[in-house]
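According to Swiss-Prot, the feature Ca(2+) 1 binding site maps to D95, G206, S214, E216. The annotation Ca(2+) 2 binding site is assigned in Swiss-Prot to Q177, D228, V229, D231, D301 on the grounds of sequence analysis. For C82-C135, C165-C249, C191-C244, C196-C207, the entry in Swiss-Prot reads disulfide bond. Sequence annotations record features per position, and here Swiss-Prot assigns N-linked glycosylation site to N69, N241. Taken from Swiss-Prot, the feature signal peptide covers 1-50, and the record attributes it to sequence analysis.
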Amino acid sequence: MYGIEYTTILNSLILVVLLNYILKSVTRVMDYIIYRFLFVIVIVSLCAKAQNYGINLPITGSMDGAYTNTTDDKPFLTSTLCIYYPTIASNDLADPDWKNTVSQLFLTKGWPMGSVYFNEYVNIAEFSINPQLFCDYNIVLMKYESDLEMDMSELADLLLNEWLCNPMDVTLYYYQQTDEANKWISMGTSCTIKVCPLNTQTLGIGCLTTDTSSFETVAVNEKLVITDVVDGVSHKLDVTNVTCTIRNCKKLGPRENVAVVQIGGANILDITADPTTAPQTERMMRVNWKKWWQVFYTIVDYINQIVKVMSKRSRSLNSAAFYYRV
């Protein structure tokens, strides 16, 4: 009886000792493998002199801050430049090979062939419906027309700033603007915007909420409308929904990879809604109107100075992304 118990205890002790020995042996082997592996890695890393080829590549992901290539003093070699020009420019140039000519002129300023893209738009009104800016640097050429000052100003405000926008259902809800950065932006083939300000009892101030003909008209048959109303006051809106979309937008700050060049005109357009200031943004500039060949020669001559007041950013602009985040 007692012999069986002693035998069981002895077997258990032997098993424990054996397991302990096995675990220690495995631990020693693993330590040996790990230390030798780390030793090899350290030796290889000290001897190797490979370059990190990713360090000079342009960033194409989502990014809010300005991108600076600290390892290359010629960032234009890895950048793309888009020039947006009206159809009237190509008609005036009257040369089917003008893009190649201008590209070779850009080459003399450090921009390689294939890095400069030329994008034509019909006119300011049409460009306002679906602006698309996809290059690292984007320069929009706008020919000044006295009857298009408001359109040019609103388009420049849209392009030179980043906006965070959300859809508006004007048939169901009232809306109010919270501060100066809050605007209602409408785009479409024909936008007519009417507003009716409301008091604290949601009754119309100078208008009837049930009669849109009594609303105040702020835009008629426009392609692009940036509506600014009294902050903190609710409004009932009437919008031509069939041909126009409206969004509630917040201006986040400057879009620093875009510059607007005004062609002609006595003064640079003011894109700020604040009447108490006369600001001058470096990325809104003007060149004298002569012939379009002269305009492009001037742009080529000053391209590097223009780019220096800009920042290379990854965020692109198109009509879909604009509505939610630019």
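Glycine too: its Cβ is placed from the backbone N, Cα and C atoms.
Shown here: features listed in Swiss-Prot, placed on the structure.
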{"residue": "C82", "record": "disulfide bond", "CB count, 10 Å": "19"}
{"residue": "C135", "record": "disulfide bond", "CB count, 10 Å": "20"}
{"residue": "Q177", "record": "Ca(2+) 2 binding site", "CB count, 10 Å": "21"}
{"residue": "C191", "record": "disulfide bond", "CB count, 10 Å": "25"}
{"residue": "G206", "record": "Ca(2+) 1 binding site", "CB count, 10 Å": "9"}
{"residue": "C207", "record": "disulfide bond", "CB count, 10 Å": "20"}
{"residue": "S214", "record": "Ca(2+) 1 binding site", "CB count, 10 Å": "13"}
{"residue": "D228", "record": "Ca(2+) 2 binding site", "CB count, 10 Å": "12"}
{"residue": "C244", "record": "disulfide bond", "CB count, 10 Å": "22"}
{"residue": "D301", "record": "Ca(2+) 2 binding site", "CB count, 10 Å": "13"}
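Straight-line distance linking the Cα atoms of S214 (Ca(2+) 1 binding site) and C82 (disulfide bond), rounded to a whole number, equals 45 Å. Comparing Cα positions, C135 (disulfide bond) lies closest to D228 out of the binding-site residues Q177, E216, D228, V229, D231.
For D231 (Ca(2+) 2 binding site), the same-chain residues 6+ apart in sequence whose C-beta sits under 8 angstroms from its C-beta are Q176, Q177, T178, D179, E180, N182. Within the same chain, residues at least 6 positions away in sequence whose Cβ sits under 8 Å from that of E216 (Ca(2+) 1 binding site) are K194, V195, C196, P197, G206, C207. Taking the C-alpha positions, the distance from D301 (Ca(2+) 2 binding site) to C165 (disulfide bond) comes to 37 Å. When the C-alpha distances from C165 (disulfide bond) to the binding-site residues D95, D228, V229 are tabulated, the minimum falls on D228. Within the set of recorded positions C82, D95, C191, the entry lying nearest in space to C249 (disulfide bond) is C191 (CA atoms). Between the alpha carbons (Cα) of C244 (disulfide bond) and V229 (Ca(2+) 2 binding site) lies a span of roughly 19 Å. Proximity of D95 (Ca(2+) 1 binding site) to non-local residues of its own chain (separation of 6 or more, Cβ distance below 8 Å) is seen for T101, given in sequence order.
Under the DSSP three-state reduction, S214 (Ca(2+) 1 binding site) is assigned to helix.
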